[in-house]
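Chemist: Attaching a single structure in structure tokens format; questions to follow.
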Amino acid sequence: MANEEDDPVIQEIDVYLAKSLAEKLYLFQYPVRPASMTYDDIPHLSAKIKPKQQKVELEMAIDTLNPNYCRSKGEQIALNVDGACADETSTYSSKLMDKQTFCSSQTTSNTARYAAALYRQGELHLTPLHGILQLRPSFSYLDKADAKHREREAANEAGDSSQDEAEEDVKQITVRFSRPESEQARQRRVQSYEFLQKKHAEEPWVHLHYYGMRDSRSEHERQYLLCQGSSGVENTELVKSPSEYLMMLMPPSPEEEKDKPVAPSNVLSMAQLRTLPLADQIKVLMKNVKVMPFANLMSLLGPSVDSVAVLRGIQKVAMLVQGNWVVKSDILYPKDSSSPHSGMPAEVLCRGRDFVMWKFTQSRWVVRKEVAAVTKLCAEDVKDFLEHMAVVRINKGWEFLLPYDLEFIKKHPDVVQRQHMLWSGIQAKLEKVYNLVKETMPKKPDGQSAPVGLVSGEQRVQTAKTKAQQNHAFLERELQRRKEQMRAATVLPSVQIKEEPLSEEEADGAELEAEEEEPMDTAPSTCLSTKLANGLPAGRAVGGDSLNGHPVPGCASNPVACELKAFVEATFQRQFVLTLSELKRLFNLHLAGLPPGHILFSGVSDRMLQDTVLAAGCKQILVPFPPQTAASPDEQKVFALWESGDMSDQHRQVLLEIFSKNYRVRRNLIQSRLTQECGEELSKQEVDKVLKDCCVSCGGMWYLKGTVQS
């Protein structure tokens, strides 16, 4: 009551809403002039509007008789814009800048909160505004002057060239046919600035008649600002409760609603989370946390949430691993996504991450190199998989992030059994894709009914010592066999040693040893000393059956060898020079893009890959690396395509012979050697092509591809 007495009602005013000009009333603002300097008394020559864009242009006269007007400058501007000859299209017909154009710009797109008010005879009449425009002077005449200047220069140049040339040269015209436009391309085109400008230009101008403030037509139109209805029945918009009237008078601004503090992408607002459906809450939580026990999930969702509904929802977005829930791979890697590290598609990433999750269902520990060797993915992708659900331990590997949740396993045996069936299906798929041998795979625990036993570091060391002692005799025999091979290979280079044919059992055993000797791996090979110049085993090189350019025996009848040879030939036709390390990397990328169950997944050893390279018409280049080089053995094996069938074969062969004696060479030496061998001086383009095919430049020197050490 005290507040009401201090703030008494002075007067009550009736408010009316006028609608006659609701869709036609604009507010013009002139921000470059103070309010005291209006344009009311200045003659308005023309006016036009684009209603859809709410764009207005006004032409106002300039007082050329004013003592402040610079007549010489006005004549110069008119001359620059229209030129010396005046016609109907001239901007300034009087050859003097006697008018000025004003262009509008929108101050706000939301004018629903603004109205024009007229107070008369104790009544307040409101008319909603259709637009609020700010008009500023336009300097488009300067653009016209620049265009005229360019036209005059072009005409002068054309006149000079026409005197020099008797007839115009024939010009080549390129004809292009547009392909069908995709939906994404159409959306990008529609949202482009060029398209919007073209669309705005297509709307025609509507020419208007301007009437001054004191004109009788203006007085007549001003009457429409008053509400025409005499009774209050027609103004039902204002017959509202106080709260509804206040909401109509001051509606919440959309800009204010959107202007909320935005948290970082890795921070989840629990207040916003509560507004989502339960299934979306579970999905958002698992996508952010990656790994979570069921008890923690229930505590985040709140005490009022039904655990049965949560169990039903969690199984749609996560898998059970050691009693804990791990988000599914397809949630993290949607269908159209790819790896930021290697560019691998989402399907390959999901398959690799499922393999990591499956490995953790078998053991608490996972070794990253083993995962990379099976999945053929780069180290960064595998590290991302492991960081989602594990923590690294020095000299041990990656350990699962959370302890085994035995309580959940005992409390929900039906869920555990269902998850066990799902993992069985995933295991079968992984066996088929990665060609895993079932006999060597660890047996899955029945329903994950008990925690996986932990093995201490001392036990692991003791187990390794025991296995080493058991294999000691086998290793001794293997060492003796290799010594004999080396001794036989170095007896006499010209002596051919006769080899007795093996029985079928011995041949199978030898072939198995050869495949186990050099598995396809990203680690550097330690058996370089057992290879000859071209990367072949000592026993086979002595026989001379697989030297440079000769086919691999059995390639025609071996589909794996044929597929491998096709890959090698296609790769060297593009690259010309490759190290063994780079070739293995490209082969792993090729495997990752093949469909599941492809024949190349059966296993390709380093020896088989090198034999195929030599059989495809390539040769090994014995690059003399410096003694202090940090290159691995695989990086020191350099192979090059000897003959590709084009005109540059001879040039490339000369270049490769140069690098068989030099680790790095200057360009002038290469060019002089090419000129000497070919009998004629090669053009710069021909030398550049040969260098681009086989070499890279670093510090003013040229190296074979893959041999530059950072």
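Keep in mind that glycine also has a Cβ here, set from the backbone N, Cα and C atoms.
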Chemist: Among S109, S162, S182, can you tell me which residue Swiss-Prot lists with the annotation phosphoserine?
Modeler: S162
Chemist: What residue among S105, S503, S648 has an entry for phosphoserine in Swiss-Prot?
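Modeler: Matching S105, S503, S648 against Swiss-Prot annotations yields S503.
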Chemist: Could you let me know which of S72, S104, S161 shows up in Swiss-Prot as phosphoserine?
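Modeler: Going through S72, S104, S161 one by one, Swiss-Prot flags S161 as phosphoserine.
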Chemist: Rounded to the nearest angstrom, how far is the Cα of S192 (phosphoserine) from the Cα of K432 (SUMO2 cross-link)?
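Modeler: Just about 47 Å between their Cα atoms.
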Chemist: In Å, rounded, how far does the Cα of K661 (SUMO2 cross-link) sit from the Cα of Y224 (phosphotyrosine)?
Modeler: 98
Chemist: Express the distance between the Cα positions of S192 (phosphoserine) and Y224 (phosphotyrosine) as a whole number of Å.
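Modeler: Distance (Cα to Cα, whole Å): 42 Å.
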Chemist: Tell me the Cβ neighbour count for K432 (SUMO2 cross-link), meaning other Cβ atoms within 10 Å of its Cβ, over all protein chains shown.
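Modeler: So the Cβ neighbour count for K432 (SUMO2 cross-link) comes to 12.
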Chemist: What same-chain residues, at least 6 away in sequence, bring their CB to under 8 Å of the CB of Y224 (phosphotyrosine)?
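Modeler: Set apart from Y224 (phosphotyrosine) by at least 6 residues yet with Cβ under 8 Å, we have A18, S20, L21, T127.
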